[in-house]
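A.B. asks: OK, TrEMBL features for this one:
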type	residues	note
DOMAIN	1-194	domain 'MARVEL'
TRANSMEM	73-95	transmembrane segment
TRANSMEM	107-128	transmembrane segment
TRANSMEM	172-190	transmembrane segment
REGION	199-260	region 'Disordered'
COMPBIAS	210-223	compositional bias 'Polar residues'
COMPBIAS	243-260	compositional bias 'Polar residues'
Amino acid sequence: LFAIFAFATCGGYSGGLRLSVDCANKSESDLNIDIAFAYPFRLHQVNFDAPTCEGKRREKLSLIGDFSSSAEFFVTIAVFAFLYSLAATVVYIFFQNKYRENNRGPLIDFIVTVVFSFLWLVSSSAWAKGLSDVKIATDPDEVLLLMSACKQQSNKCLPVRSPVMSSLNTSVVFGFLNFILWAGNIWFVFKETGWHSSGQRHPPDAMEKQPSSYNQGGYNQDSYGPAGGYNQPGSYGQVGEYGQSQSYGQSGPTSFANQI
């Protein structure tokens, strides 16, 4: 939706301005000079006629500037972003298993999202500068300076109507909103790749190895015999049969019968 608003408000624009040239000789005046222009803003191809206030002769003039490159670049990015968003929505809904297979889908989605975020920033910035130049080139006061009749003080040249640029201003706003939207979406697509979870995963069996340290060099609950002695090799012997204490040995406790 944001992409549609971006290219619709820019690509569908058409506007115009109106000027008035009041010559000293009223019969030579032209009080309604309409100049129309539209996307892609090749203003140097916009021609119009103006009176010279020297008889019936009129001069053919044109606006100044060609701003089609930034405007077309902006609209192209918006159209492709719309198409990719539409295709991605279909994949998310109907081909979720294919999307997650071998992690290829999230990886491609992540790369494309980063690229579109960068392109939105570049195209919106370029179009904002281009729109500023369009406003200057279509300013009625600037256009009046192109007319030879307006250079004579005896003639009166006035702007009647200025072009309405509200939709073009909206397109720039939507361009930067799309950049924020796509840039913010990078985080969510990054989480789909699995890199986020793998980066936070603890080493395997890290917590399981800690209790085993007590068994290796410390106490073992199972080492205690029924009479309270230690069963580990080399430990103190326990009291054997007939009340005689068992000998100390590296091979463990021995019974009294074996000693005899």
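Every residue, even glycine, has its Cβ placed from backbone N, Cα and C.
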A.B. asks: Can you work out which residues elsewhere in the same chain, 6+ from the ends of the transmembrane segment (107-128), have a Cβ less than 8 Å from its Cβ atoms?
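C.D. replies: Answer is 10, 70-71, 73-74, 76-78, 80-81, 84, 88, 99, 171-172, 175-176, 178-179, 182-183, 185-186, 189-190, 192-193.
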A.B. asks: By a Cβ-Cβ criterion of under 8 Å, what residues six or more beyond either terminus of the transmembrane segment (172-190) are in contact with it?
C.D. replies: 2-3, 5-6, 9, 74, 78, 81, 106, 109-110, 113-114, 116-117, 120-121, 123-124, 127-128, 131, 196
